[in-house]
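S.K.: Below: one structure in structure tokens.
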Ligand code: SAM
């Protein structure tokens, strides 16, 4: 059955893949042009609230747990004892909330370039910001590239690059030079994880380039973990991990299995399964 969409739909068009994703919206809740990007929030009929940056879907109430859990827990269960964590981007604070679930984490610094994103998250996605007042959390609003440049050498256990796509303000976060600087501030045994776009659309481009960049930056191991994400291009997304003298193809399976943290997607089994790449990805990545 063919049906045309009317004005009540938000649509993100993926020009490069001649496809699109739509959600039926009931109301526009926010429309702000910050110095960095165009931020919109909509109420939708079936996905709760929807955040959009520069026309690209960032998150919805309904399915953000997939992304936020997979950006946080694989890296934290790969590091042997994560205490100091840095999040670059992540202004909606969903990843921060997941990191703070780990009782061993002593300090998390989040650096997002755009305070408007965090303000909007507080108003329209309050569940994601519920841990912001945790005494271990420090929220800064600055360019992540500059912050990393100025950070102390070998001072961080886990870095989470929870950025927008590699265009506009986030472009520098995908460059090998930035990854080298991340390597410098990680302690030995440190782990970095970066959102790395769609396995279906980007295995032979962004994901492959990022993995090469991580290796060139000095990381000794790399692993890409795919996971479902219905509202992102192709409905499928990925997180790429790299280790500084740490094997990111292994993790603390017993700790993850025994964990009583509140997860909706992450499990030790899901982590182990995500480490086994489908053959088409292996072919494109090698
Ligand atoms: N889940 C999202 C996705 O993959 O589409 C990412 C969500 S999070 C909202 C992305 C954040 O990265 C935004 O809040 C944006 O302001 C931030 N960001 C982009 N470039 C940045 C930079 N250079 N430094 C710090 N934060 C940056």
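Quick reminder: no glycine exception, Cβ is built from N, Cα and C everywhere.
Keep in mind that what you see is a predicted model, and the values were worked out from it rather than measured.
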S.K.: Determine which of 68, 73, 183 appears in TrEMBL for the same spermidine site as 92, 162, 163, 164, 165.
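M.R.: My reading of TrEMBL gives 68 as the candidate in that site.
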S.K.: Where TrEMBL shows 37, 112, 143, 144 binding S-methyl-5'-thioadenosine, which of 103, 126, 166, 169 is named for the same site?
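M.R.: So, going by the record in TrEMBL, that would be 169.
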S.K.: Between the Cα atoms of residue 112 (S-methyl-5'-thioadenosine binding site) and residue 163 (spermidine binding site), find the distance and write it as a whole number of Å.
M.R.: 9
S.K.: Select the closest residue to residue 92 (spermidine binding site) from the following recorded positions, measuring between CA atoms: 37, 144, 162, 169.
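M.R.: Ranked by Cα distance from residue 92 (spermidine binding site), first place goes to 162.
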S.K.: Hey, which of the recorded positions 112, 143, 162 is the loneliest by Cβ count within 10 Å?
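M.R.: If we count Cβ atoms within 10 Å for the recorded positions 112, 143, 162, the smallest count is at 143.
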S.K.: List the residues in the vicinity of the S-methyl-5'-thioadenosine site, defined as same-chain residues other than 37, 112, 143, 144, 169 with C-beta within 8 angstroms of the site's C-beta centre.
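M.R.: Sorted by sequence, the hits are 36, 89, 91, 113, 114, 142, 163, 164, 170.
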